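Read through the structure below, which is laid out as structure tokens, and then see the notes.
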Amino acid sequence: MKLLSYIFTLELLWCVLGPGIGIGVYFLTYWNWNTLPSGVNLADENTTTDGRFVAERALYDLGALTSRGPRVAGSETNERFAVDWLYGAVETVARQALPEYDVTYEVQRVSGSYFLDYDDYPITSYYRNVQNLVVAIKRRDSFSGKYLLLNAHFDSAVTSPGAGDDGTMVVVMLELMRQLTQHARSPMQHGLLFLFNGCEENTMQGAHGFVRSHPLAQSVAAFINLDVAANAGREIMFQSGPNYPFLMAYYRDYVQRPYANTLGEEVFQMGLVPSFTDYETLSTQGGWPGLDFALSSYGYLYHTALDARETISAGTLQHIGDNLLGLVRALGSADELGNIQEHREGTAVFFDFMHLFLVYYTETTAIIVNIVLGVLSLALIVGTLFMIMRKDGAVGSNILFEAGMTLIVQTLSIVLGAGLSVLAAVIFDACGRSMSWFSSTWLLFGLYFVPCIGGLTLGPFLYVHFRKIPFLHDQGRVILFLHAQHCIYAVLLITLSIGGIRSAFVLLFPIIFYCATTIVNMIIQFRLRVWIYVHLVGQLVPVIYFCSLAVTLFAVFVPMTGRSDNRSNPDLQMALFASLVTLLLVGLLTPFIVLFRRKVYVFGTILLLFLVTAIVAATPEGFPFRERTSPQRYYIFHHQRNFYWPNGTLRDSGAIYYLHPQDRHTPELLQSEVPEWSAAQLLGDECEKELYCGIPFYINRYHRQSDSSYWLPAMEPPIFPERVSFEFISREVPAPGRVRMYFRVQGPSHMSLYVSPLAGRSLVGWSFSERIPPSGKRWNGQDVYFVNFFSGSMELTPFTFYIEIEHAAAAGTVQSSDSHFYLSVVAQYMHHDRVYRAREFQTLLDKMPKYAHTVAYPGYLESWIF
């Protein structure tokens, strides 16, 4: 009996109950996060007179839209089938609209150019004949002249049927049009513009074409952008404004199931998400305020062939449709849209709580509230210290010294906890087991949350164990550790608020509830044992919120590690995320280790959880990828490259297979599965010898990973359905020291140009923009310019352009024999049938592992010196 009583103690009970309660709360929030409304069927449509979003019809539309496979911009499926199908669907909606609604629609065909100022790899985006379907809806008896714009793109990524991205939002917009025009619920004083844009995946050209060329764009007051980076779950509203916080007030008041977070907005704007949306184009080019919605959780199938109709649930469509229907009805009658400039008031802070309600306030209010609460927190800490001095009769200097030492120890504990998580990440990566959590996300808890908890716990334990003080009992020392953690939160809150970081709101949860429980405990004078339960009750709401935040954080970011880079260790990112969430979850709980008599139970539980998880991660359960649910991504291209001397003779030519890395396990896993890739080489010296490594990059930022990209020589050349025709036309000297050269090019829908003036020369004019953009990352001391050149509508007519170069010594005479610039012409054949794959290329692709999803197509480059 003595042995049993020694083993089964209160400490053991807490070691079982603690993780059990935590896991229970987590799964409660996970269940809440995954709970979606039942889809409304066609049979139930007429149960109300106000109109309901009908998910069943939207699913039917989605099946029809995706029935022909990928809708890559420039392909027949996108330029003809998708446009014709959408036009017919809109025509039916217009025919069934109530008489009081005026519904007009047209296919916009537009050309233009603009500049995308991406770090080191800016893009001049030039496009011809992009197609958009524009639908305008207004009430005949009440129209203010202003429009609310809704935008979604109907083109898809290469190989992808695009059921999620962005077919989901396209059919949601169609169903919204039906409900808004077939029911007379709202007077709707403003018009609605539905922009189905046909070219988003290729540098957002469809949205730009509408902004710059459509006559109704001048009447847009605000917009809602609808995009997708996943295939299920809830849509998150992750960007708003900028500077028009009334939009968030409408979101708060009229959205049934809010899911919005300022943290998501700031993370996206910091570039931590490897995606872009039309929101940036509509906001910057149009100058309009807007709201940016996206499905973003569990995006394993995003931009893959698995993004099919079967992956989209009626619940997902119903959730999006219900939220947007109420919001669009409200904004369609919002007085603020009548004179939008009067409501420019700064940015907003917003977040939902368990998708039940939205909290929203302006950034100015946030700064005031945060600083006031931060100061109040520090004042309560000081007040508690004085209370301890009076109650326990301790010398003030001793208490202040002990409080200072406790703050140092707690800070070091945080560093230790994060350090242990990072150390685990480094070890697992070194052992070749990185991303073991990619498909089994639950492994993150044992691998990175548990070590951080161990570090947070170890600091208070060691300090109290080795430093005995007579003037303060153990519960008093716990209070000092809790106050130290609260002090850290308060200082961070004040600092981040002054620094303009709106996401500092996450610290309000522990601060507000800790302040509340501290005030209660001060009233009861921290009565022994009783104060502990007051404190624990106060931690319930913060723990629930941070569990919900953890669900969102990892659901969004874990799949992204499968489409990022092979140079950085994604486990480090997950370890840091886990450390941050752990600190918020248990930072005000771990100091209670001081009160445990048999602390070995705590550390034994922590060690056991970590070891069990590590062992599981080393088994097949920890293999990152799954065949149909979480595939490994590969970009493998079959390239033909021709390089010419200034006199026009061929200096080098050949075909290669180019492997663009997507995750930490490229190319090791591929080399273990496909022996041919064991002979692959890094690009290496090619990048010094040739402009952009001599690789026909689809987007120039792929060059960022050139030092970790691989290639193989190809025995067979690629098969091209359309040959590239490029020719020099003429040369003229418009002014002393300048030379202008004219060229003609014809090829497939997706082409690019690399332009790099030689040393001592500069680009001063060309056909692709009125002003010359800044250079991207320089090559061998030369400026580098990248043009993304797209032709839509299946019209691949020749294009004539010029490039004008100025010599540094402008007054000098330009000799006809001088060389002036490098010019590379690139063509991508990304939407052509598999019959255009060479036999050797197809044989290589047939050997890809079953868990791999491969984007593969031919490319062409010819490089000249003129």
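Glycine too: its Cβ is placed from the backbone N, Cα and C atoms.
What TrEMBL annotates here:
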- 12-33: transmembrane segment (TRANSMEM)
- 132-327: domain 'Peptidase M28' (DOMAIN)
- 367-388: transmembrane segment (TRANSMEM)
- 400-428: transmembrane segment (TRANSMEM)
- 411-616: domain 'Endoplasmic reticulum metallopeptidase 1/1-A TM' (DOMAIN)
- 440-466: transmembrane segment (TRANSMEM)
- 478-498: transmembrane segment (TRANSMEM)
- 504-524: transmembrane segment (TRANSMEM)
- 536-560: transmembrane segment (TRANSMEM)
- 572-593: transmembrane segment (TRANSMEM)
- 600-618: transmembrane segment (TRANSMEM)
- 629-864: domain 'Endoplasmic reticulum metallopeptidase 1-like C-terminal' (DOMAIN)
Seg_contact(the transmembrane segment (440-466), the transmembrane segment (504-524)) with at least 3 CB pairs under 8 angstroms, min sep 6: no
- line: Taken over the domain 'Endoplasmic reticulum metallopeptidase 1/1-A TM' (411-616), the predicted model's pLDDT averages 94
Recorded stretch that, among 478-498, 504-524, 536-560, 600-618, has the most CB pairs under 8 Å to the transmembrane segment (367-388): 478-498
Query: Under 8 Å, at least 3 Cβ pairs, sequence separation 6 or more: does that hold for the transmembrane segment (478-498) versus the transmembrane segment (536-560)?
result: no
